[in-house]
Structures are given as structure tokens and as C-alpha cells.
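These features come from Swiss-Prot:
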BINDING   Arg48, Arg54  NADP(+) binding site
BINDING   Arg131, Ala132, Ser133, Asn243, Ala244, Gly288, Lys303, Pro304, Thr305, Pro306, Ser307, Arg329  FMN binding site
Amino acid sequence: MSHNTFGHLFRVTTWGESHGVALGCVIDGCPPGITFTLAEIQSYLDKRRPGQSRYTTQRRELDQVEILSGVIVQDDGATLVTTGTPISLLIRNTDQRSKDYGSIVHQYRPGHADYTYDVKYGIRDFQGGGRASARETAARVAAGALARKIVPGLIVRGALIAIGPHNINRDRWDWLEVENNPFFTPDAEMVPVFSDYIDTVRKNGSSVGALVEIVAENVPAGLGAPIYAKLDQDIASSLMSINAVKGVEIGDGFAAACLTGEENADEMRMGSDGKPVFLSNHAGGILGGISSGQPIVARFAVKPTPSILTSRRSIDVDGNDVNVITKGRHDPCVGIRAVPVGEAMIACAIADHYLRHRGQVGRFER
């Protein structure tokens, strides 16, 4: 299985399976001299970690990150400095229950990658879904924590803005609220609504989809290039690579199709500091594939977890009709834990373009 690497200069290769001994990533192209601590990386992993509420999978993983290469430990024993060589990060699996998947050894779960993996490779890892499991994304979150360190002042924040048919009220958006509830939602009034809805979905043995929004601030103008190296192209690719993501939009996205040219145009004026000021941000911070200096705004849709407890029609590996019921521990709404994953992937895409711009142009916005 190829294509496990993302990026051009800041390259992240993830490895490992959901029910293997461990998983992790190798980061190649990280500049030397970047300082960080394992505690900083761990804080992002803790945000994604399973088993922290009844709204996520009850699989209990500590997700303690270990660093194997590419850094020098400073005198304080905590600060690490990158050397410019490959950085290897490892996260051990400690709570696998492969026996839960015994009933689907020869069956394909509807909506899952079981069938397509088998068609392509002639073999599949039925234990937890292997590389098709959301567990694979833990390593991406670790890489994203380092990516944030490369672009000076970069802030990447995500929020869950819809679960099933329930949407937040954007007038109540509060970034401080995101860290105060298990849904990472910026609308405090939607917390009990989301809670009741997911409780109902879980009791019915089913799952539900979600919508996530990511905002990246302090992104320099000039990142990206026309045609085949557009920043929004790579951001979309990074988000679509996340397991269970089925759609991505930048800025107003599909809503732009309903606007007129006057409504959609991000008009400009010169600010008092001598720098351009945009009067709106319909483009989501990217014009012609190049960052404008405005906040980059992206949203992605996460499908319902296909591993559910209700009976569904499918076939087995011999072509026989079967009814499938999936046992095991699964997220009733995997979109919740996709928030830190989306943050990480956008951070990696921006860091990669930052290094590419620095190498090609050598300067940033005036």
C-alpha cells in the first residue's frame, strides 16, 4: 500500500494500524532549530484521545507520544530542538479488542472500506479496519503539533458546527467555549441539544455525521502557487485524506454559487498602517490559489461511522448475501474527534507551503 506520505518539503509519513502494536509518523523536512516539548504535542493528542466522554468510542487509549529521533534534549530535560533530520514519533496501542471483529472476518461492512480494500489488494485488515480506522489519525495530530511551530504566529483552531440536522447559531460563536464542552462547539446553547441527540442515536445502535470548521490565522500572504500548487487545493486534499470525510469547502464554498459578483467580491481598501484591508472574506483567505493574508476558513463533512449495531444487508467474501451487525466500540459521531485532526492537517499543509514559498521566493508579504 503506497501513498502514505503527505507534503512536498514538510513531509509526513504515517504508519501503523488500529489493532497493531503501535502507530506513528516520520516527519521529514522539518527545519533545524525548532523548539518544542513533548507536553505540547501531548496536549493536542489528548484533545483527540478516545474514551473521554460517552459521545465518543469507549476504547481507552492513553495516546502517550514517544519521540525516537530528530531532536536534541536541552539542559532543562524537557525542551527539544529539531536537528533537521527525520523526526520519528510513536504512539502505542494498549486497548485493542480484536476478538470483537471475529464475526466480520468474511463479511463486508456497508459504508466501510472493507470491500474496496479487498478488491484492490486481495487482502484486508478486518481488525478495527486497519489503515481505514480513525485511529490512524492520532499520528497526524502529533505531526500537526510540530507543523504549527514552523510558521511564526500561526494559530489554527477548529470547531464542530453541526451534528446531524442540528446546526449552531453563528451569532453565538465563542472560541473560548470550544474547549469547555465535549463537542468542541463554539455555541454553548447547542451543547444540551447535541448531547440529547447523540444519546438517542447511540441508544438506537446507530451513528451520525457532523460538520467541522477550521480557521487558520496569521497566515502570511503569498503562500501557494497557480494551477497545480494552489494552497486551497492542498488544504482540500489534506482534509479529504481524513478517514470518513466526504466533502470540503473553502470560504463560502458551495454557497458562493448562490451569490452575485457584487456579493461575492472581497472588496479592499488601504488601511491606516499602509497595508491592504479586506472588507469581507468570502474567499476564505485564498485567491487564485494563493493566501491573501486573511484568515483561512475551511469546512468539511464527516459521514456517520459505518460500524453500527443495527442489522444491514451486505455480502461475504464468497458472494453470499448476509446481514451484518458490527460489534466492538465505535464513535457514535466520529466528527467530534475529527476537529483536532482537521486542525493538524491544515497546519501541515500551511507549513509545507510556507517552506516551499521560502525556498522559491525567499521573502514574504511586504
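Just so you know, glycine gets a Cβ as well, placed from its N, Cα and C.
Recorded features from Swiss-Prot, shown on the structure.
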residue	record	Cβ neighbours (10 Å)
Arg48	NADP(+) binding site	25
Arg54	NADP(+) binding site	12
Arg131	FMN binding site	21
Ser133	FMN binding site	21
Ala244	FMN binding site	24
Lys303	FMN binding site	17
Thr305	FMN binding site	22
Ser307	FMN binding site	25
Measuring Cα to Cα, tell me the gap between Ser307 (FMN binding site) and Arg54 (NADP(+) binding site) in whole angstrom.
17
Using Cα positions only, nearest of the binding-site residues to Arg54 (NADP(+) binding site) (Arg131, Ser133, Ala244, Lys303, Thr305):
Thr305
Could you measure between Ser133 (FMN binding site) and Arg48 (NADP(+) binding site) for me? Cα positions, answer in whole angstrom.
14
Give me the CA-CA distance between Thr305 (FMN binding site) and Arg48 (NADP(+) binding site), in Å, as a whole number.
16
Roughly how many angstrom lie between the C-alpha atoms of Lys303 (FMN binding site) and Arg48 (NADP(+) binding site)?
17
